[in-house]
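A short worksheet on the structure shown next.
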Amino acid sequence: MTNYRVESSSGRAARKMRLALMGPAFIAAIGYIDPGNFATNIQAGASFGYQLLWVVVWANLMAMLIQILSAKLGIATGKNLAEQIRDHYPRPVVWFYWVQAEIIAMATDLAEFIGAAIGFKLILGVSLLQGAVLTGIATFLTLMLQRRGQKPLEKVIGGLLLFVAAAYIVELIFSQPNLAQLGKGMVIPSLPTSEAVFLAAGVLGATIMPHVIYLHSSLTQHLYGGSRQQRYSATKWDVAIAMTIAGFVNLAMMATAAAAFHFSGHTGVADLDEAYLTLQPLLSHAAATVFGLSLVAAGLSSTVVGTLAGQVVMQGFIRFHIPLWVRRTVTMLPSFIVILMGLDPTRILVMSQVLLSFGIALALVPLLIFTSDSKLMGDLVNSKRVKQTGWVIVVLVVALNIWLLVGTALGL
């Protein structure tokens, strides 16, 4: 009886520790459902129905592995990816990495910020510029939570992630997708046209986020409690749960667009405003409102995550620190410029996601090299199978990017 009580107590303690260590992956996962995902998934679903769902499935599986590796690097070494690159690579390479990572972070933030502004515009009936001002204010307020530590921020962002997931359960109920065709689209690969390749690259860029690869390793580098193996085990659960939720949201986005737009003849729906306006008569005003609210929630939470990632990148690569409010102010400027110039915000969102796909390999190559180094990682070093899978992902990403560049250059 005593042994049972001891085992029961130790089991509860292990579960309590696992719960305490969960959270970083939810911050990382919010980057996988930002407004860039809304734009690319809606465009892909409206244009090609369920044919590109398989891209979301495979991109999400790749993302799970990548985020586990990133988190593992922080746990095993106590340093994040940017710091490891700084410590192991020549200075010119480090500066190159910092510049491209900042560009990627700004491209990401552009999509997130404009997406939230569009969301405010749709649900409140304000102008895009007024929506941007509201987004800026809301972002500053959310970032103030960081002063209280990482946990309050994890809870708020995790709550927003769950809200977006719940919103898309509602959207699926409204749109009633064809489950047989949906399942087929998830399993059978198809790239019918050059536009499909462009959108597939966009989906990949929107699903696997380079800035979150840098960020996740910093969120786990200061995790304490239990052994390294216990922290790693808890982190794998954290990533599996958070990324499964994010993957479901991405699939639901594309499936809803396919069911609501593609199969009703609205294959040209390509921007968020049009999607909102088209949803009202096709499904209902409630469905359109839920769409707008989920866009605001995704945009606000992901732009906060983008700001944190930018801070990690700067501190890690060049040991330079600026206050978060200064970084937030500077990174808002491109969004306001795009809005004031009257550029098509949804096109900017999709282009930013394609740009992101070029940063994936640059972040992933050193991550694979470091996590495969037994001197750095000790007992958490990558297995042979993980190494091989990681390099296959790099080759696939690079091949898709080359295909995209050649196709764009030749006007295919």
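A Cβ is built for glycine as well, from the same backbone N, Cα and C atoms used for every other residue.
Topologically, per Swiss-Prot, E83 is found on the same side of the membrane as K151. Between the transmembrane segment (388-406) and the transmembrane segment (239-258), fewer than three CB pairs separated by 6 or more residues in sequence fall under 8 Å, so the two stretches do not touch. Only residues 6 or more beyond the boundaries of the transmembrane segment (126-145), in the same chain, are considered here, and those with a CB under 8 A from a CB of the stretch are 113-114, 116-120, 152-153, 156, 299-301, 303-304, 307, 324-325, 328, 332, 335-336, 339-340, 345.
Each of 20-39, 197-220, 351-370 was scored by its Cβ pairs under 8 Å to the transmembrane segment (239-258), and the highest score goes to 20-39. Across the topological domain 'Periplasmic' (259-276), DSSP assigns 10 helix, 0 strand, 8 coil. Counting C-beta pairs under 8 angstroms (sequence separation of 6 or more), the transmembrane segment (52-71) reaches the transmembrane segment (197-220) with 3 or more such pairs. Within the same chain, residues 35, 38, 115-116, 118-120, 122-123, 160, 163-164, 167-168, 170-171, 174-175, 260-261, 264, 266, 269 sit at least 6 positions outside the transmembrane segment (277-297) and bring their C-beta atoms closer than 8 Å to a C-beta of that stretch. Secondary structure counts, DSSP: the topological domain 'Periplasmic' (40-51) has 9 helix, 0 strand, 3 coil.
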